[in-house]
Amino acid sequence: MTSLAVSKQVIIDFFVFLSICVPVLIVHIMAEPVNVGFFCKDESLTLPYKPDTVSQALLLIVSVGFPFVVIAVSEGFRAAAKTRQPQRVRTAMFIYAKAFGLFLFGLVINCIFTDTIKYSFGRLRPHFLDLCKPDFTKFNCTDEYGVAKYIQDYECTNTLADEKLIKDSHMSFPSGHASVSVYSAIFVVLYLQLRMNITVSHFLRPALQVGFLLMATLCCVTRVTDHKHFSTDVIAGSLLGATTAGLLFFKIGWRLIPGALTSSPPRLPRATSIESEPQTPTPLLRPERLVINNIYKNGNVQGLKDGFLNKV
């Protein structure tokens, strides 16, 4: 591919990336989650509000910064290992741009799916009642038969909670932290498997892969212990992130990012003349068969038959 074609492709991909970022911004600024009600005695919504162990800022720094560093270091070492080829530096930078660009593209796609489901379901978080503090005196929690009523028309009275927190309390399913952290971890694991060819240690690459998976797991666990999500929210977010990373990498990544091993299959030597072709070896025959051949040639078939009967 010529440099002009590559530049054209990069420009088109850049504008495509910007175009898919616009829906994410519009959803965060203008969209409102579905108004979902609750039952007054729903104990699953009465957990106390707790601050985030993993804040959104920390999530973005780790989930985006670590892949940025891993891809840069990996491609840098690969380029430095072949110092006799100056073009390797430019090739490494090009591969780095493709790999990290693919990561960002998949991250935005993952966020689009996550936010779409969040705003469509509007599931209440486990700390909703503690954060909202609805005025229970303005409605009856039970009907005339004593059965708990589903309350959908309510008003939050907690003056310490701003509108943003109240809005966020309606977006429990699926877990955005789980979706983003698992997507980032799975992408890095697949990238290391494809690009990192370490010969000095058998355990360095799997250790790095396990480390990234462990960080994603800890992030998912904190979402439950911080009363931000139910376990089903975290499981759904994890599956969404893993599916996005897997499909993106196997459908685009394997074709876009070259593998670590590029060795070509061995070539067989081409014959230049008839004399160079190997001769077919003469099959080894047992002495008994040679004797039988001689007997048949000499016509002494009757003697062969008598000898065979005597042996039997």
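Cβ coordinates come from backbone N, Cα and C, glycine included.
Annotated transmembrane segment per TrEMBL: 12-31 (among others), in sequence order.
Taken from TrEMBL, the feature transmembrane segment covers 54-74 (among others). Counting same-chain residues at least six beyond the ends of the transmembrane segment (54-74), those with a Cβ under 8 angstroms from any Cβ of the stretch are 96, 99-100, 103-104, 107, 177, 180-181, 183-184, 187-188, 191-192, 195-196, 208, 212, 215, 219, 222-223.
What TrEMBL lists as transmembrane segment is 95-117 (among others).
For the domain 'Phosphatidic acid phosphatase type 2/haloperoxidase' (100-249), the DSSP counts in helix, strand and coil order read 97 helix, 6 strand, 47 coil. TrEMBL lists 100-249 with the feature domain 'Phosphatidic acid phosphatase type 2/haloperoxidase'.
Positions annotated as transmembrane segment by TrEMBL: 176-194 (among others).
The transmembrane segment feature in TrEMBL is assigned to 206-224 (among others).
Residues or ranges marked as transmembrane segment in TrEMBL: 230-250 (among others).
Only residues 6 or more beyond the boundaries of the transmembrane segment (206-224), in the same chain, are considered here, and those with a CB under 8 A from a CB of the stretch are 52-54, 59, 62, 66, 70, 175, 177-178, 181-182, 184-185, 188-189, 192-193, 196, 230-231, 233-234, 237-238.
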